[in-house]
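The block underneath contains the structure these notes are about, expressed in structure tokens.
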Amino acid sequence: MPFRLLIPLGLVCVLLPLHHGAPGPEGTAPDPAHYSPFPSLHPRIPTLTCSGPEPYGQGSLSFQILGNTSEFQRVVEVLQDNVDFDIDVNASVFETNIRVVGGLLSAHLLSKKAGVEVEAGWPCSGPLLRMAEEAARKLLPAFQTPTGMPYGTVNLLHGVNPGETPVTCTAGIGTFIVEFATLSSLTGDPVFEDVARVALMRLWESRSDIGLVGNHIDVLTGKWVAQDAGIGAGVDSYFEYLVKGAILLQDKKLMAMFLEYNKAIRNYTHFDDWYLWVQMYKGTVSMPVFQSLEAYWPGLQSLIGDIDNAMRTFLNYYTVWKQFGGLPEFYNIPQGYTVEKREGYPLRPELIESAMYLYRATGDPTLLELGRDAVESIEKISKVECGFATIKDLRDHKLDNRMESFFLAETVKYLYLLFHPNNFIHNNGSTFDSVMTPHGECILGAGGYIFNTEAHPIDPAALHCCRRLKEEQWEVEDLIKEFYSLRQSRSRAQRKTVSSGPWEPPAGPGTLSSPENQPREKQPARQRAPLLSCPSQPFTSKLALLGQVFLDSS
């Protein structure tokens, strides 16, 4: 009997309990020239248990990038045979999207390269794509709010619970465009991209007069509940997805939105190459702290070409790493030390992610030094018999009984890509794969991969492989409806000339007056390529290009 979905969707992360194992000879410690202070003995934590669920769809699907295609193929088979989304589980809308939907989309697009047998019509069809679509449809009820901004949690079987809180963090609203636009382009259903764009626009319209957004907002009223503005936790991936969505979709409006935010962020939160937290309406400092999650920012700056500012901020963050052998969750900038109860380091990837992006942009060897320090630090501090444990406290390097799924899905992946310049992810377009589909030739694997915020790469070329076909289908549907609408208009005019009263169309489903038979409303944000590049042709000729649609009996 198939087992249920193994990824605990409602959790912020997959927690893998660990069993204590000797990390090395007693007394082993990293070089104090690199890390200070450092304990002389590795602390013994008797509660490390080395047990827990396997996070399918997270680290395992990363092995295609690492070159382990057999493990990738095994996990793909497990997913196809055993995953069931029809379960009575309250799931984080944000986490389900970035981990499950994003992971399945990425695996779908990488499956042919990994030697998985794909069906005819791939990449515009396939079992993993259908699973991603099924998972995403489970999230759509969350977007049914007066503002179009989604609830933070949805029940996969019943939809949004009646008592669900309407307060959602900014990132939980603005982190959908990469996955949902990809899904719409591959499947031809615009609903996913449409709801993601509406959510982005509502946040944009809710910014303060000085151009900042807060941390949490009520999705029913549109009123800000937490008014701290910054680039870190609760906000981070909203900014990330404006940039990555703009690149993926070649959308100038999304990039313009980010650049406006960037001006406000530099004007009100930027001090000595640090980014503080401020009050969103006044710009006054509310928290002079650096959060480890903010370390993605230099990488994002590199994507828009702001290399000088990116490097200066990166070097600030790197000094914190060298001080502790990792990045504490919170770092008090004026005091130069950790914040109480925020001293841990769960092996987060953000600083290493920025190092990878910046090294690709600059080739600066300082970035490789960070990579080396990260490898040595993680190996010497957190390695145990069965994995790599979260560092509970960077001051004495005590360990916690858990390993986060993002360590395999992101941290290891970015480290590997930092030191692997010839990986296919870094392709500059000099090589590519040509795939024949029922719709024509499709070019894939030419580079320009966009990582979602869980480090799942999306090949932007695949969107164009499928988008043209789907848009042509939409155009044909509109043309057919327009044609029948014209015929009915003529019929009405003829009946009016012989009838004593106005003619009324019959009501009910399936009639030409019902909503489903009206011409599709054009979405102003969706820019479709012209159906034809040749001179204008008669209406019936246009239809003939795509096959016989109906008999001309007029």
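Cβ atoms are placed via backbone N, Cα and C, with glycine included.
The signal peptide feature in TrEMBL is assigned to 1-21. For Glu95, Glu329, the entry in TrEMBL reads active site, proton donor. Residues or ranges marked as active site in TrEMBL: Asp236, Glu350. Annotated Ca(2+) binding site per TrEMBL: Thr453, in sequence order. Look at TrEMBL and you will find 494-537 tagged as region 'Disordered'.
Feature map: annotations from TrEMBL on the structure.
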residue	record	contacts (Cβ under 8 Å, 6+ apart)
Asp236	active site	Ala171, Leu293, Glu294, Tyr296, Thr453
Glu329	active site, proton donor	Gln291, Ser292, Val339, Arg342, Glu343, Gly344, Tyr345, Pro346
Glu350	active site	Ser292, Leu293, Glu294, Ala295, Tyr296, Gly299, Leu327
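Of all Cβ atoms in the protein chains displayed, 22 besides its own lie within 10 Å of the Cβ of Glu95 (active site, proton donor).
If you draw a 10 Å sphere around the CB of Thr453 (Ca(2+) binding site), it holds 24 other CB atoms from the protein chains shown.
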